[in-house]
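Here is what TrEMBL says about this protein:
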- 118-158: domain 'Mechanosensitive ion channel transmembrane helices 2/3' (DOMAIN)
- 159-225: domain 'Mechanosensitive ion channel MscS' (DOMAIN)
- 234-315: domain 'Mechanosensitive ion channel MscS C-terminal' (DOMAIN)
- 71-93: transmembrane segment (TRANSMEM)
- 114-132: transmembrane segment (TRANSMEM)
- 144-172: transmembrane segment (TRANSMEM)
Amino acid sequence: MRTVRFARRMRHKRANAMPVPVCQRRAGPGGGARLRRFFRLPLTAKMSWDSLQNALHDIDVRLFSFGGTDFTLTSLLKLTLALVLLFMLASRLRLWMINRVLLRLHMDLGTRQAFGSIVRYLVLIVGLLVILQNAGIDLTTFNVVAGALGVGVGFGLQNVFSNFISGLIVMFERPIKVGDRIEVGGVEGVVQEIGARRTTVVTNDNIAILLPNQRFITDNVVNLVHLERPVRLRVPVSVPSGTDIGLVRRLLEEAARSNPRVLGEPAPAVLLLSIGGAAMSFELAAWYDPSGCSRQQLHSELNYAIVERLRAHGIAGA
């Protein structure tokens, strides 16, 4: 009987007990402190933000006026932040266009880089106009600036715009592309990047040269790999008169065939250009792939091989 009465009393206590909130039941020994800190955090952030706004309001004085708008410290900070974000967005958008969108269109790297640069400039121009308009600046104020800019274009800035237009022509006509070995004004190298205003060419000395795009329109440009065909290299050789021409021909052909850069087809050829005077002039014509080596490097290698073979047979160059 005692056991039955004890069980009834326990059920009565549990029925009349106050329910414990779920958050307190799960909180554990330190749950109350963590809960208070959780609800105190937004309040602390709100108070800090209000304090920052009050501090900015206290120092927010008029600095200058431009375009019918008074600029304060706060407005100037907002304008600077907007410009920084604009430049970051334009740069990110350029990379996204190059590495994602234009890559799916199967464009070569040079064309993608040129398109990406154009998109970046367009975003900067449109974004700058939007930011200035939202800042309350009257855009008609820039009419005077535009007039001065027009005069500047006619004098000092004409080369900048000329290079930009030349970059568009290079992009659409595609006389060169990234990876091509070219010669421009005595500069030989591989095209590394084609920009909107300039093109980067890496020379045989591993030196990057920035060439204005205008030079690709006005100067003579030699693209050694434009047709994706072998290129012929001519090596002049002079020997004393009376030398066995058959031996000279054989030695020159051997020198060409011994070089792994020289193609076997078309085969190397030896031409006898002149026989008058104290010397006879030969010319070794060898075909090679210009994408694999430079003309100057191959010319030097063939000269070494020719001199070694001629001296081995007692033939001195004239």
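Any Cβ shown, glycine's included, is placed from N, Cα and C.
Computed from a predicted structure; not experimentally measured.
Beyond the ends of the transmembrane segment (114-132), by six or more residues, the same chain brings 67, 79, 82-83, 86-87, 89-91, 93-95, 97-98, 102, 107, 139, 167-168, 170-171, 194-196 to within a C-beta distance below 8 angstroms of the stretch.
For the domain 'Mechanosensitive ion channel MscS' (159-225), the DSSP-based tally of helix, strand and coil residues reads 19 helix, 26 strand, 22 coil.
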